[in-house]
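Look at TrEMBL and you will find G108, V109, V110, G111, D112, T132, S133, K145, K154 tagged as NAD(+) binding site. Under the heading Zn(2+) binding site, TrEMBL lists E187, H249, H267. Look at TrEMBL and you will find 71-181 tagged as domain '3-dehydroquinate synthase N-terminal'. Marked as domain '3-dehydroquinate synthase C-terminal' by TrEMBL: 184-332.
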Amino acid sequence: MTVDVVPVALGDRAYEVRIGQGLIARAGAEIAPLLRRPKVAVVTDETVGALHLATLEASLKAQGIAMTALHLPPGEATKGWPQFARCVEWLLEQKVERRDVVVALGGGVVGDLVGFAAAVLRRGVRFVQIPTSLLAQVDSSVGGKTGINTPQGKNLVGAFHQPSLVLADIDVLATLPPRDFLAGYGEVVKYGLLGDAAFFDWLELNAPHLATDAALRQYAVRRSVEMKAEIVVRDETEEGDRALLNLGHTFCHALEKATGYSDRLLHGEGVAIGCALAFELSQRLGLCAQEAPSRLRQHLRGLGMKVDIADIPGELPGPEALLALMGQDKKVVDGQLRFILVRGIGEAFVASDVPGEAVLGLLRDALQGR
Ligand SMILES: NC(=O)c1ccc[n+]([C@@H]2O[C@H](COP(=O)([O-])OP(=O)(O)OC[C@H]3O[C@@H](n4cnc5c(N)ncnc54)[C@H](O)[C@@H]3O)[C@@H](O)[C@H]2O)c1
């Protein structure tokens, strides 16, 4: 099968996202042209490292590239100050220099943390993303947002730092647990919902087969990356259109905070629930027809995904408290909550004048469904 190449046309920070099968086994040859000396530092997590690091190491070795590796604990809790400090100090101990390249091998947690480490190490070194989760392949590895969580909230500390290359090997998704695959699908479906109704139509037909059919999977990853790249090129630092990528995320971030970033709710699951809530809110505000939220919910349910707040196990705070958690989201501008709302499937827009009462009513009803 061919490798798809999606360019991210950001001038002197332009790079390619290469998507295909067997890319980790060829990573040495893909990365070699970037190197000024035959040595890379790889950061991964323990789960991904055990499964895929040997393949990466062999492919680097075949090109005469030496490798050292750091294994972080898997999971969202890793994306905070302690493991960040550990990673930065390890990179310094490995004597990574300004002209060297750091490799992030893993899901969005590793990609975000290592990207941020690369951004601040010696005031910025280059890094390569080898995303291994569906979520990381279609979203977090592309676009240069890097960072960590703090007790105050998610992704509140970070930097824009674009990778020099992204290698999305769709074969590695075979080892991804089904729950994580479905969570990643939350970000895939988001692209159809926010700006490409034809892609949503395609997903309605093909999503049930993505996990087993490599050609369909490759198309879904490519189309998602194309859409992300196009928006990022238009608005790299989120002054405007890039906010559309946050469809469902204001709800998602509040729910993630309320569940303590635990495995009660994975990020992509929160995105799917958040998208369903954003569609419901849009319908309540008279912006879109009832058909749109119903169609979305049916699609997500059909795949066995979480759709409602009621699908989150355990206790949750009340509607007022959830709304307050949304207020802490970094996308608050001058005290006003910005929401991404829709006029229909594929037609998202940024709204800054959403009445708080409407959001509260929606949350109240959603929580009562529990
Ligand atoms: N930077 C951005 O633009 C951006 C965008 C979206 C999400 N994010 C961030 O991404 C993070 C979520 O990413 P994620 O869902 O990839 O989480 P993750 O990195 O925690 O990976 C999910 C789980 O899957 C495991 N895993 C990953 N690849 C595997 C593979 N091939 N085989 C077996 N197991 C594998 C990991 O060890 C982990 O346990 C969140 O922190 C979120 O904030 C960032």
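Yeah, the Cβs are placed from backbone N, Cα and C, and that goes for glycine too.
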Report the residues of the chain - excluding E187, H249, H267 - with C-beta within 8 Å of the mean position of the site's C-beta atoms, for the recorded Zn(2+) site, in sequence order. L135, D139, G186, K190, G248, C252, G268, G270, V271, G274
Residues satisfying Cβ distance under 8 Å from S133 (NAD(+) binding site), sequence separation of at least 6: G106, G107, G108, L173, L176, D180, G184
Whole-number Å distance separating the Cα atoms of E187 (Zn(2+) binding site) and D112 (NAD(+) binding site) is 16
For a quick check of packing: other C-beta atoms within 10 Å of the C-beta of D112 (NAD(+) binding site), how many? 26
Least buried of the binding-site residues K154, H267, going by other Cβ atoms within 10 Å? K154
What residues, ordered by sequence, lie under 8 A Cβ-to-Cβ from V110 (NAD(+) binding site) and sit at least six positions away in the same chain? V43, T44, D45, V48, L72, T78, A104
Quiz question: given the binding-site residues G108, E187, H249, which has the greatest number of C-beta atoms lying within 10 angstroms of its own C-beta? E187
Taking only the CA atoms, the spacing between D112 (NAD(+) binding site) and H267 (Zn(2+) binding site), expressed in whole angstrom, is 13
Cα-Cα distance linking H267 (Zn(2+) binding site) and K154 (NAD(+) binding site), given in Å to the nearest integer: 11
What does DSSP call S133 (NAD(+) binding site) in the simple three-state scheme? coil
